[in-house]
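Let me begin by presenting the structure, written as structure tokens, before commenting on it.
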């Protein structure tokens, strides 16, 4: 519960503090004033963090006992040996390829508008690409979950999350290509800011895609087990 409410903000705070220290060292106008950082931290500590804890407690109490769609055994059954391409790590890495392919072209325009200071105005197309990303992420994650269940591997929860979240890994790899091929940035200051802010963006994208993939897989698993007879 505490980890859920603090992991992503602490990662962003850590990266932002490091980048801000570099900006102050170089005397850049991009440096965030110390007072602003304190205000942001106070807002998180007294508003966002308590609300996250409250939402978790209310959600757990509201849901009550687990509503499993079928009878669940108390003793977990052993997971049989499986082929290498059905391991959770391979499924997780391969799961992000198609979602990344659905936003590959749009990522070029997003990076260009953000780092090359070009005007971006096709927000309707961006919304369409986002909807496509959500649909593709859900479909690919469901397929990966089905393969795991078909291989008698019931540890699908985190695999579905990381399978969808791996889209952010490919976006970050694309950002490395974009930095060396499409930009004229150089020096430690520009490099650190580019990869630091891109990392924060990819962290948020990974959590978003992971949540979408897990929710889709959860609905899929509950649906199929509700419609079959389990011994």
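Positions of Cβ are set from backbone N, Cα and C atoms, glycine also.
Curation does not apply to TrEMBL; its annotations are automatic.
Copied over from TrEMBL:
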type	residues	note
TRANSMEM	7-32	transmembrane segment
TRANSMEM	38-63	transmembrane segment
TRANSMEM	84-111	transmembrane segment
TRANSMEM	123-149	transmembrane segment
TRANSMEM	161-181	transmembrane segment
TRANSMEM	193-221	transmembrane segment
The transmembrane segment (7-32) and the transmembrane segment (84-111) contact flag, 3+ Cβ pairs under 8 angstroms: no
Positions whose Cβ lies under 8 angstroms from the transmembrane segment (84-111), at least six residues beyond its ends: 120, 122, 125-126, 129, 132-133, 136-137, 140-141, 144, 147-148, 151, 153, 155, 158-159, 162-171, 174-175, 178, 182, 209, 213
Same-chain residues at least 6 beyond the ends of the transmembrane segment (161-181) whose Cβ lies under 8 Å from its Cβ atoms: 88, 91-97, 99-100, 103-104, 107-108, 111, 115, 133, 137, 140-141, 144, 191, 194-195, 198-199, 201-203, 205-207, 209-214
Within-chain partners of the transmembrane segment (193-221) [C-beta distance under 8 Å, separation at least 6 from its ends]: 8, 11-12, 15-16, 18-19, 22-23, 30, 95-96, 99, 115, 133-134, 137-142, 144-146, 149, 156-157, 160-169, 171-172, 175-176, 179, 183, 185
